[in-house]
Amino acid sequence: MNPFQKNESKETLFSPVSIEDVPPRPPSPPKKPSPKICGSNYPLSIAFIVVNEFCERFSYYGMKGNFVSKSPTYSLPLTLTPCFSLNRTIIYLSLVYVLGHVIKSLGALPILGGQVVHTVLSLVGLSLIALGTGGIKPCVAAFGGDQFEEKHAEERTRYFSVFYLSINAGSLISTFITPMLRGDVQCFGEDCYALAFGVPGLLMVIALAVFAMGSKIYNKPPPEGNIVAQVFKCIWFAISNRFKNRSGDIPKRQHWLDWAAEKYPKQLIMDVKALTRVLFLYIPLPMFWALLDQQGSRWTLQAIRMNGNLGFFVLQPDQMQVLNPLLVLIFIPLFDFVIYRLVSKCGINFSSLRKMAVGMILACLAFAVAAAVEIKINEMTPAQPGPQEVFLQVLNLADDDVKVTVVGNENNSLLIESIKSFQKTPQYSKLHLKTKSQNFHFHLKYHNLSLYTEHSVQEKNWYSLVIREDGNSISSMMVKDTESKTINGMTTVRFVNTLHKDVNISLSKDTSLNVGEDYGVSAYRTVQRGEYPAVHCRTEDKNFSLNLGLLDFGAAYLFVITNNTNEGLQAWKTEDIPANKMSIAWQLPQYALVTAGEVMFSVTGLEFSYSQAPSSMKSVLQAAWLLTIAVGNIIVLVVAQFSGLVQWAEFILFSCLLLVICLIFSIMGYYYVPVKTEDMQGPGDKQIPHIQGNMINLETKKTKL
């Protein structure tokens, strides 16, 4: 049937095309046989590509981990293969990548210029790195797939698993090594950021060298012209031509891209049809990446509010991110050699699209578990003062008991019997306000002395009423406690100095504070969890050490520095806020679920993107696959900005959204017929996939997801 004759059938994305209208594909140059690895069907050339990917990912994640702000570094996938062959594109952009690392390392040298110079060099370096990594990522994966002969499709599928494994191996190792280079080595008297940025740059040089070493044995498909531009022009011409010829007298065509036939060759039109079929399936995919991306943000914030002491090992909150690449290294061989084979033996057709759908479901379950963990954490977290409420505790630093009465209306009358502070830990009491801010009157009774004092407070805050002995009398002062001690879940400390001299306290090599004389009160300071048996302190005429003991996850501590005649200088310790109670081990199930989902979704998606693309479109489709990741990152930012939900509800929202997306993807996949690899090849290229019955015909053939 002539596609230009009148046809009343509906035009769809999946409409078939008649065989007589499509000329045979020009003969493709036969693939040069590459030496095999140890007599297997795996080309030796992929060893160079996999090692290159490992070094490049080590370089990228090592560089990314040096940013103290921990803000994500994104790179937009680019496709420059239209201008050069794939291997040349990789080499040229790798040189750009290396140059970016060199400039970024120079920007980290403290002796090189001022802040403006450092900022300019950093921005230029990061821009070049983004260009380099975004350009080579879609090319490397596609170039590795090109090394296989078509009869070795199963081995090619395994290659994509090994390729993804190398990505996570590079990420895992760089996560451990880069912080050591930054913190354990000193450059110009401070942390050596220049070395921490320079080593990833060196790994990128190694990646480039390794890739270049395999040049003589690579199978190098010839460049096919500016294919991206051709794709866009073909689509635009088809749309505009259809719009111009919308009259009912003009015969309809079976597919909307057939309207480009007046200007573009039919082979290009058929390739674009194959491309758009897969791109249509990609529409729901960014939501998966939106969930996966939160391991380094939302889940880390959740870990901060948990206790990392596992008994045999202590995990810092941000170290939980290492679990993902570690589990990927375990799960990839587990799924490839055990789970998938067991499923196959059970007679189940576990197609690529089915694997991806199951991966989405696992990610949904992971976020449902994360929501349950978040709810449990909230139950264990101390209550926060609400509107027209304040929390007040009394720190009694006098030598004997003090009775404190809050004078006010019936709701605010409160009697606090405060024992000497060295015998009893103070507790917070809730006070109700008439307005957002209010003055409170306090009646202090000490022995036969009575004192009335007034202090102002504001709603939703924590306060400490500090009482001290002043000769034969007593006095008080109101101290506003910072909110950070209870909101961010970090370990925090503050000090009250009863000495008559200022005290300088060094909590670490980077953290020190000064506490004023005569009952000076410091602000809260965040510290790392750990034992602090000998914290160095000094006054103007004396050096001494204080034993602070264990500072646990999430706790807020108060230390009162005193001079005991018998025991000398010491710190009396009390907990303002108790330590986090829920173990960080409860995050293991959600990490295991989301990583299993990632292995089923991402590894399969890489291979699917390659296998379903025409030979001229493989790197284009790989770039489109990577673009879904960038869109997923944007979704996280948008939802977080406008949802206005508490964290557990946001987790549930993401889980439900992905579940709906999974249903839509399953319906789309139900009507998608996968293209056979042998149908995409040249001279014989037998016939292109759409003509051999692989195009969807809802009346004759239907492949379920």
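Every residue number used here counts from 1 along the chain in the order it is shown.
For all residues, glycine too, the Cβ spot is worked out from N, Cα and C.
Automatic, uncurated: that is what TrEMBL annotation is.
Database features (TrEMBL):
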REGION    1-35  region 'Disordered'
TRANSMEM  90-113  transmembrane segment
TRANSMEM  119-140  transmembrane segment
TRANSMEM  161-181  transmembrane segment
TRANSMEM  193-213  transmembrane segment
TRANSMEM  274-292  transmembrane segment
TRANSMEM  322-343  transmembrane segment
TRANSMEM  355-373  transmembrane segment
TRANSMEM  623-645  transmembrane segment
TRANSMEM  651-673  transmembrane segment
Taking 3+ C-beta pairs under 8 angstroms (sequence gap of 6 or more) as contact, is the transmembrane segment (119-140) in contact with the transmembrane segment (274-292)?
no
Check the transmembrane segment (274-292) against each of 90-113, 161-181, 355-373, 651-673 and return whichever range has the most CB pairs under 8 Å.
651-673
If we skip the immediate neighbours and take only residues 6+ beyond the ends of the transmembrane segment (322-343), which ones have a Cβ under 8 Å from one of its Cβ atoms?
158, 161-162, 164-165, 168-169, 171-172, 175-176, 295, 350, 588, 591-592, 594-596, 598-600, 603
Distant-in-sequence neighbours of the transmembrane segment (90-113), which means Cβ under 8 A and at least six residues beyond its ends:
56, 59, 63, 80, 84, 119-122, 124-133, 135-136, 139-140, 143, 187-188, 190, 193-194, 196-198, 200-201, 204-205, 207-208, 211-212
